[in-house]
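**Q** The structure follows.
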């Protein structure tokens with residue numbers, strides 16, 4: 001090794017020891033001919049001092065981010081010169097030898113300044129030298145190790161599944177890779193290891209896991225990455241409770257890394273209850289504001305806006321004092337989410353109701369409204385009316401905005417909940433409206449994916465009554481973020497074919513795209529289930545950062561572009577020719593037979 005110690009490891013107990021350190025010049029200060037350098041490596045920072053001799057002469061040429069090697073004696077800093085904000089603040093190294101390992105060009109941004117994200121991503125290798133980004137990547141490694149330790153204890157087998165496979169519809173668009181040796185044919189990068197892990201269960205592996213890279217060619221949304229990581233787990237001969245028990249053990253081990261003990265078992269909530277109370281299937285339970293059903297309260301209303309299948313409300317504590325400008329801003333906020341607006345009533349300090357909606361209510365409605373929704377003097381009541389799903393979603397989003405504006409969220413709190421009993425299917429129109437790629441060609445598509453088993457009570461009726469069928473699925477939510485989702489899978493060929501039929505996937509298409517899975521189910525496939533954790537999101541939560549880009553070594557920008565390498569980029573004409581990307585596949589079946597034949601005779 002070029003060094004004897006790590007810069008961040010030195011303490012007063014090592015005084016008078018001769019040490020060799022390596023790292024980067026973080027800061028340089030000249031004081032009356034004495035040069036002080038903050039020397040940084042992966043472990044932290046130590047102050048090194050150049051007082052005299054050849055090393056001090058050399059030190060005058062040092063600049064920010066020069067890579068250096070120094071040898072010197074550890075000394076206790078004089079009284080009053082200690083820096084108790086860093087672990088090494090009680091000592092300094094009196095340098096006797098200096099070697100410049102490499103110089104640095106002028107920096108595109110100062111590492112101790114707040115740089116723009118575009119610059120940070122373009123020079124990510126510099127960004128990673130900063131304490132925050134470097135810590136996040138090292139934390140991610142510890143997260144991986146902690147999960148592996150739990151799974152190894154339970155004798156899980158880590159298996160790498162293919163990253164070049166065939167295109168199979170899974171709910172998003174595939175990234176396609178041309179197959180040079182078969183012009184006109186393409187591999188697909190996997191959206192998840194879903195089908196292969198199920199085949200591993202058929203193969204008797206029984207307990208599988210993988211820290212898996214996944215790829216989805218989605219329309220770009222905030223804080224999404226085209227390539228991301230899952231901790232993927234699958235188990236044979238299990239039910240929902242078995243998977244949840246293991247998942248909680250994994251989560252407990254991860255949160256211990258940041259000093260938090262998760263209380264288990266984690267509470268469970270049905271999808272229906274979550275939507276009714278919070279307007280979201282991933283509710284943030286760190287604060288107590290809930291939606292209130294009001295349709296029955298307004299049964300006999302003469303106010304046409306509230307003559308709808310659903311009327312709901314959410315209370316903003318202290319919101320009656322908002323200026324008119326802020327109330328108008330709420331209307332624009334709602335319109336950006338596809339609503340016509342956000343009706344409101346202001347509760348005065350004397351209990352009287354104000355605002356445009358209050359004028360349209362009867363005396364009885366005005367008298368009873370505050371008590372019905374739990375509003376107090378000084379509160380604001382927001383309403384949504386119309387289709388149940390969209391109205392609840394609007395109020396759920398408003399609930400989150402209220403919490404942020406009114407500082408209702410404890411930033412140090414962790415609130416976990418399992419969401420169970422979600423619908424098995426949803427109307428295809430709803431899926432496409434929310435930006436998802438609907439699988440199949442019927443009026444119904446899968447909420448999770450096509451391989452999720454119906455709950456036992458829905459097995460006999462899910463194809464005759466798709467709208468009422470429940471999925472044997474479970475999602476884990478932390479602080480309003482879905483950090484994992486799983487299900488008990490279909491393991492019988494007849495049930496899988498019935499699910500495909502509900503989704504409008506023909507027998508022929510099912511055989512073409514999923515025939516290998518259906519064939520496997522015919523050979524004694526065991527009952528099985530699993531879960532996939534969103535590894536980037538979990539690590540971001542543990543690191544205390546807002547964006548998953550902070551915990552990915554080399555992330556893409558919000559537009560899916562890599563500023564560091566300028567990917568994606570055009571290919572050359574030669575690459576295009578060699579890859580066969582423009583080749584047309586040979587026709588099959590009847591089309592091939594109908595193709596005119598060219599005689600070989602001259």
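Just so it is clear, glycine is given a Cβ too, placed from its N, Cα and C backbone atoms.
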**Q** Figure out which of 160, 482, 586 sits with 216, 217, 218, 225, 534, 535, 536, 537 in the ATP site per Swiss-Prot.
**A** 482
**Q** Would you mind pulling the DSSP three-state label for residue 537 (ATP binding site)?
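**A** Reduced to three states, the DSSP call for residue 537 (ATP binding site) is helix.
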**Q** Count the other Cβ atoms sitting within 10 Å of the Cβ of residue 489 (L-aspartate binding site), across every protein chain shown.
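**A** Residue 489 (L-aspartate binding site): 22 neighbouring Cβ atoms within 10 Å.
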**Q** Can you tell me whether DSSP puts residue 218 (ATP binding site) in helix, strand or coil?
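**A** Looking at the DSSP assignment, residue 218 (ATP binding site) belongs to neither helix nor strand, so coil.
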**Q** Report the DSSP secondary-structure composition of the region 'Aspartate' (194-197) as helix, strand and coil residue counts.
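**A** The composition, in the requested order, is 4 helix, 0 strand, 0 coil.
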**Q** Return only the integer: C-alpha distance in Å from residue 537 (ATP binding site) to residue 216 (L-aspartate binding site).
**A** 16
**Q** Under 8 Å between C-beta atoms and at least six apart in sequence, can you list the same-chain neighbours of residue 535 (ATP binding site), or say none if there are none?
**A** 140, 143, 211, 228, 229, 230, 231
**Q** What does the structure give for the C-alpha distance between residue 170 (L-aspartate binding site) and residue 218 (ATP binding site)? Integer Å is fine.
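**A** Computed Cα spacing between residue 170 (L-aspartate binding site) and residue 218 (ATP binding site) is 12 Å.
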**Q** Under DSSP, is residue 170 (L-aspartate binding site) part of a helix or a strand, or is it coil?
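**A** In the DSSP reduction, residue 170 (L-aspartate binding site) maps to coil.
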